[in-house]
Each structure stands twice: as structure tokens, then as C-alpha cells.
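Under the heading phosphothreonine, Swiss-Prot lists THR3, THR183, THR340, THR367, THR387. Under the heading domain 'Protein kinase', Swiss-Prot lists 30-281. The annotation active site, proton acceptor is assigned in Swiss-Prot to ASP149. Look at Swiss-Prot and you will find 433-480 tagged as domain 'SARAH'. What Swiss-Prot lists as phosphotyrosine is TYR433.
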Amino acid sequence: METVQLRNPPRRQLKKLDEDSLTKQPEEVFDVLEKLGEGSYGSVYKAIHKETGQIVAIKQVPVESDLQEIIKEISIMQQCDSPHVVKYYGSYFKNTDLWIVMEYCGAGSVSDIIRLRNKTLTEDEIATILQSTLKGLEYLHFMRKIHRDIKAGNILLNTEGHAKLADFGVAGQLTDTMAKRNTVIGTPFWMAPEVIQEIGYNCVADIWSLGITAIEMAEGKPPYADIHPMRAIFMIPTNPPPTFRKPELWSDNFTDFVKQCLVKSPEQRATATQLLQHPFVKSAKGVSILRDLINEAMDVKLKRQESQQREVDQDDEENSEEDEMDSGTMVRAVGDEMGTVRVASTMTDGASTMIEHDDTLPSQLGTMVINTEDEEEEGTMKRRDETMQPAKPSFLEYFEQKEKENQINSFGKSVPGPLKNSSDWKIPQDGDYEFLKSWTVEDLQKRLLALDPMMEQEIEEIRQKYQSKRQPILDAIEAKKRRQQNF
């Protein structure tokens with residue numbers, strides 16, 4: 001009798017999480033494998049979908065984050081269905097976190113690849129990446145959506161070399177009644193002039209950012225990266241469009257492509273559809289030319305992981321020996337920091353979306369986050385630490401801080417007079433109370449009497465602010481439980 005060998009049926013590809021999966025606990029549906037890094041609003045993990053065996057990325061967002069912005073990001077991803085845009089599969093509420101399940105891009109971002117290899121890209125590589133990126137932008141712009149944060153760190157590659165747009169934390173929707181948006185948002189060095197000037201902008205603002213990204217891929221960093229971002233903010237609208245530092249290194253086609261992107265007048269700037277017909281893009285080679293650089297970057301990453309794991313194992317060995325030598329009858333309790341087996345993350349602290357993201361730029365260049373420049377990477381590249389903060393360009397924070405300082409200084413120099421209202425007196429934030437020595441006892445007593453009502457007023461304002469943030473979260477959780485709202 002002939003033996004028939006049964007083959008396991010092929011697992012289907014995950015397209016979207018079904019209703020049954022969404023009603024389960026996420027741990028029943030996924031196995032979380034490792035942390036990838038920190039993205040806009042939350043931590044990102046690599047996980048496997050148990051039913052299909054497909055690798056996914058899960059962004060875990062604390063509900064105390066700006067829920068409205070998170071829901072907007074989910075909404076935009078949910079509406080998109082393009083091979084050039086990172087896919088959204090579904091989301092869960094788990095304790096105090098929102099789990100957002102997205103497509104996993106194993107090669108990371110273009111900026112990761114540049115940093116890991118410590119090399120910029122060739123024209124052929126740039127053309128291939130730009131072609132896919134333009135197809136993604138053409139799709140978004142057709143849907144009347146503006147990405148608003150195009151840069152190498154938000155262009156992800158899968159292991160086959162296909163580029164996909166990611167991180168829609170700052171994306172915007174254009175409606176029929178809103179021809180242009182006026183919100184200042186984005187990453188300073190990549191911002192279009194009209195965005196900085198707040199004169200209204202539309203989809204072609206992304207094209208300017210793409211031109212800056214092309215220079216970033218070619219030179220390792222965008223124009224003005226070596227100067228303070230505050231100065232760059234004023235230079236971008238007033239100076240001529242930026243160009244390559246060494247134009248002679250690049251072909252006429254590539255130079256012209258960048259020139260078409262970096263037209264200061266939005267009305268005269270090329271669209272994504274037009275740029276797809278540009279000779280530089282039309283001559284782009286297939287994604288296979290990206291495989292070598294992807295493999296090289298992944299090899300570097302793997303070696304770093306192995307090195308980190310060896311260091312962890314060595315630390316644990318040393319800690320274990322110290323514990324054994326401590327006492328003949330009692331072993332020292334291992335605390336939170338000593339002897340703990342730390343999982344060697346595949347990426348360092350500065351990851352964005354679902355990829356490692358140590359940008360090449362200094363200081364506060366955050367889009368959805370506020371960045372710091374505490375540590376330096378190899379060469380000219382610096383690490384960017386991302387924390388979950390609402391979207392606010394750093395140059396706006398600079399102005400706000402200056403305004404606060406001016407208020408404090410003017411108060412310290414003012415002559416004390418009758419206190420008309422408790423709100424007239426603001427406590428200096430820098431703790432400098434030297435000016436009080438020049439006040440009379442009567443003035444000091446008036447200020448002292450004003451403290452109690454001022455404190456009650458501040459407490460009430462804080463309570464109202466807390467309630468305004470808390471209620472939408474409670475409403476969203478309740479809606480999720482009733483399954484009336486599926487992200």
C-alpha cells in the first residue's frame with residue numbers, strides 16, 4: 001500500500017485581525033519576542049501572530065499619552081491600503097496600555113541602515129528608495145492626507161528592500177473645506193518654508209521634505225544640520241533652496257530631481273505623480289540592489305547584539321561570584337540593578353516607530369517627541385532619545401521658555417504695589433526670592449494673605465485639566481469594551 005505523505009496546509013497571511021482575535025487578550029493572540037525601541041508615544045515590540053506565524057510590530061502606548069493624537073494615527077493607518085505604507089492590523093486595550101498591531105519591517109529605517117553601516121547611499125540605492133517613497137506619497141496625497149514628517153527615519157525597509165512610509169503620529173487630513181492646513185508641525189530641518197511661515201500648506205509640503213531626505217541619504221544629514229535648529233528655522237524660509245555640499249559628486253539627473261523638490265513656492269513645486277516621471281526615478285533599478293546594504297546592516301546589528309549579550313552574561317557571572325562570596329550562611333538578595341538578566345534589545349534607546357532610530361542630528365529636533373543630545377554615536381552621528389510627549393516643534397518651546405523667563409525677570413524688577421488679584425503675582429520658577437528683601441512688611445503680609453486663594457485657584461485649574469484628560473480616556477476604554485469602536 002502506497003504511503004501518502006500529508007503536507008501541512010500553508011498558513012494564511014495576516015491581513016487584519018478578526019473580531020474573535022480582538023475580543024481575546026493580546027497575549028493569547030501574540031507572542032512578544034523582544035523590544036525594538038521607543039517610537040512616537042510608546043515602546044515598540046517585535047511579536048509573532050500565533051495563528052499565522054507572521055511577525056508583526058506592536059506599539060504599546062500608555063493611555064495617559066495624548067489619546068486623541070494616537071487615535072488620529074490609528075485612523076489614518078486604518079484608512080490606508082498600499083504596499084508602500086505600513087499596514088495596520090488592529091488594536092487592544094491591555095491594563096493601562098493601548099496595543100497597536102502593525103506591519104513589521106525587518107530591515108529598519110533608512111537612517112538606521114546609514115548609521116549601522118556608517119556609509120551614505122549611492123545614487124542607485126537612493127533612486128530605488130525614492131521611487132517606492134513617491135508611490136507611497138502619491139497614494140497618501142490622493143487620499144488627501146499629508147504625512148508631515150517625511151525623513152529617512154520614517155522610511156522603513158522590509159528585508160526584501162521594499163520601502164514603506166511609517167509613523168503617522170503627525171499626519172494630517174485635508175478636507176474639501178480645508179484646502180490648506182496652518183499647523184506648524186514636523187521636524188525642523190525637514191520643514192517646508194510655508195510650514196514654518198504658517199501661511200497654510202498642502203500635500204506638496206511633503207515633497208520639500210522628500211528633497212531634504214534625498215540630500216540626507218546622499219550626505220548622511222540634512223542641510224543646516226550643523227547649526228542650531230533655531231537658526232535653521234529662520235534660514236529655511238529666507239535663504240535660497242539648499243543644495244548638495246559637493247554638487248560635483250552627483251549626476252545632473254539627481255541634482256535636478258532635488259531641485260524640483262526644493263522649490264520654495266508651493267504652487268510651482270512638483271507633485272509626487274510628476275516626480276515619478278522624472279528621469280532619475282524612472283531609471284531606478286529593482287529592489288534587489290538594496291539587499292546587499294540591508295544584509296550588511298543586519299550583520300552589523302547582529303554582531304552588536306551578540307556583543308551586548310556577552311557583556312550581559314559577563315556581568316551576571318561577576319555578580320553571581322560576588323553573591324557567593326558574601327556570606328557563608330546567607331546569600332545577599334539581588335536588587336533591581338545587580339544580577340538582573342537584562343534582555344539584550346535588538347536596538348538602542350533611540351528607536352522610532354518599529355525600528356532603531358539613532359538620528360544623525362543634534363539637539364531638540366523632535367516631531368512627536370522631545371529629543372536630547374546626552375550621548376554621541378560614532379563619527380558625526382548622535383543618539384536621539386525619544387520620550388512620549390505631545391507634538392510640538394522645539395522652536396515653539398524655545399519661544400515659550402523665553403516668554404516665561406521675561407515674565408519672571410520683569411516681576412523681580414517691579415516695584416511692589418497693592419495686590420489687586422492673586423493672579424497678579426506669579427511665583428518665580430527659578431527660586432530667586434532676593435527681591436523680597438526690598439519689600440515692606442505690609443507688602444509681604446499682603447502677598448502672604450494672597451497665597452491661600454491663589455493655591456486653591458491653582459488646585460482647581462489642575463483638577464479641571466486632569467479631568468479633561470481623564471474623561472476621554474475613560475470614554476475610549478468604555479467604548480472599546482462595548483466593542484462599539486474598533487481601531
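Every residue gets a Cβ built from N, Cα and C, even glycine.
Under DSSP, residues within the domain 'SARAH' (433-480) fall into helix, strand and coil as 45 helix, 0 strand, 3 coil. Model confidence over the domain 'SARAH' (433-480) is summarised by a mean pLDDT of 78.
The DSSP secondary structure for ASP149 (active site, proton acceptor) is coil.
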